Amino acid sequence: MTTPALLPLSGRRLPPLNLGASAFPHHRATLRLSEKFILLLILSAFITLCFGAFFFLPDSSKHKRFDLGLEDVLIPHVDTSKGGKNLGGFLIHGQGHDEHRHREEEERLRNKIRADHEKALEEAKEKLKKSRDEIQAEIQTEKNKVVQELKKKDSKPLPPVPLPNLIGINSGEPADPDIRERRNKIKEMMKHAWDNYRQYGWGHNELKPIARKGHSTNIFGNSQMGATIVDALDTLYIMGLHDEFREGQEWIDKNLDFSVNSEVSVFEVNIRFIGGLLAAYYLSGQEVFKIKAVQLAGKLLPAFNTPTGIPWAMVNLKSGVGRNWGWASAGSSILAEFGTLHMEFVHLSYLTGDPVYYNKVMHIRKLLQKMDRPNGLYPNYLNPRTGRWGQHHTSVGGLGDSFYEYLLKAWLMSDKTDMEARKMYDDAIEAIEKHLIRKSNGGLTFIGEWKNGHLERKMGHLTCFAGGMFALGADGSRDDKAGHYLQLGAEIAHTCHESYDRTTLKLGPEAFKFDGGVEAVAVRQNEKYYILRPEVIETYWYMWRFTHDPKYRQWGWEAAQAIDKYCRVSGGFSGVKDVYSSSPTYDDVQQSFFLAETLKYLYLLFSNDDLLPLDNWVFNTEAHPLPVLHLANTTLSGNPAYR
């Protein structure tokens, strides 16, 4: 899931030094550059002369001499005039000989300084003869050398780790020709989204498909990190779009750089970049993805430097300075952000043998276990300085959603051995069912939000993922309630389908109410938009996998057709601002999660179950598949993170 749109940040990436033609727009600017260059040369020459002149000063025993590393031999002098053994000072041994030696050394140094000074002046004269383009080329060459050195420094080889047994990473082609045709249509939509991003937004985080240019938001710190490339890689791979996959891999290898002065969302960068890179590594076996993931993880670790170990929401990738969103309850960190790191960080420790990542997320878990929870519910805000809850607002939608998802998936990813995570999930779901889940007058099951002791009868599109979560967690639930939770998942899926079906475009709004005769419909204008979100389709896919009820494929196809009809433009896919309008306006953003999640879940919905089977793969909250780690077997027992 992805958090709602966040307020703009002040941190911006500093633009690179521009020495191209635009850096010299006027002749006067060129003169100013030459004048500064000459002044710098004169200043450096003056400093060199001053340094050299120092040696021409007369030597005097009354002055403390500047010794150029040619130390006199100092012998302690014992004062025995009073029969004592105290040190009365030092005798200088061979003083006359050393004075002569010092004069020779000083003369040699004076000659060297003269020669260096003359050489510097000659070099300066040669520089001044060169054209601007030649100077620019030399500077660029030096910059490239520095970049290459930094790359060598960062690209330390990681220890070899045996890969888990990877099953079902390609094919999944259905026998039914109608289903196969629908799957091919989803693949064509992916190709349309990717090709336009490749043409108009390459290297930018996202695409503006109508303006046909790059787009970014504050979660990426306004740095161009190719978020769509990283997010889309595993979707390209499982769809068999290997040429496009290789394009993305090449860009990542040559251009993905995390040493930028940029303030990013720890949560978003973790789920999109680290999750995307790890999934691409497991699927393809290409080491570059693992190396980049580990490099980025190292840049996120300073966010955990808080009094409690609860990480900041944002961190500057260059300075390591962290802070929280200004709007989040009295400087709090957000449950869905610091609680959605576990899957990726456990895999980082597995792949590197370094327990630091595992320890960070387990510390968060231990802290949460000690805290009181009002009505058994986890509030959305926690202050990282005091370790106290912020305002008592609980949601299974934005701000809370993926925390619960990751409790369940920590258990699944551990091959169902992490019983601590399973217990936390079961406890949380029982409290959610008791306090947040209700039936509307029209018989629709919905999940409301708890705000200061009051249940708000509103459900967000983000909350619709929970239908799939209940189905995924049904097996292994307490008191033989597997059937109950599978049914609950089906009821949530039905409610979310109604939120789509009751709109003009057959696409779901951002949030919908269950108040006084209004059911599964958005009331406020600012909740009527659809930004290519995946959560409803995600639930359809999980329900299909666990029930094979054909209605889920039909509902998914309806959504795919609506997206293709109303969101597709010549330059890609765009969100729409009002799903109740027959002629909606576009928001002109092709979200990276559209390629990572929405299209992937649709493709899987029309694929056989042997493509990424759920017994072997667990999907992170950005739909990046990570393999189940059978931590008890001999393959992994030597990994120091789990000793």
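Cβ atoms are placed via backbone N, Cα and C, with glycine included.
TrEMBL labels come from automatic prediction, so no person has curated them.
Positions annotated as active site, proton donor by TrEMBL: E268 (among others).
Residue density at D401 (active site): 28 other Cβ atoms are found within 10 A of its Cβ, drawing on all protein chains shown. The active site annotation in TrEMBL covers D401 (among others).
Residues or ranges marked as active site, proton donor in TrEMBL: E510 (among others). Long-range Cβ proximity for E510 (active site, proton donor), meaning a same-chain Cβ under 8 A and a gap of 6 or more residues, is found for G460, H461, A522, N526, E527, K528, Y529, Y530, I531, R533.
Within 10 Å of the C-beta of E535 (active site) we count 25 further C-beta atoms, all protein chains included. Here TrEMBL flags E535 (among others) as active site.
According to TrEMBL, the Ca(2+) binding site annotation covers T621.
The disulfide bond feature in TrEMBL is assigned to C464-C496. The Cβ of C464 (disulfide bond) has 31 other Cβ atoms within 10 Å, all protein chains considered.
Taken from TrEMBL, the feature region 'Disordered' applies to 148-178.
The transmembrane segment feature in TrEMBL is assigned to 37-57.
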In angstrom units, rounded to an integer, how far apart are the Cα atoms of T621 (Ca(2+) binding site) and D401 (active site)? 9
By Cα geometry, the one of the active-site residues (E268, D401, E535) nearest C464 (disulfide bond) is E535
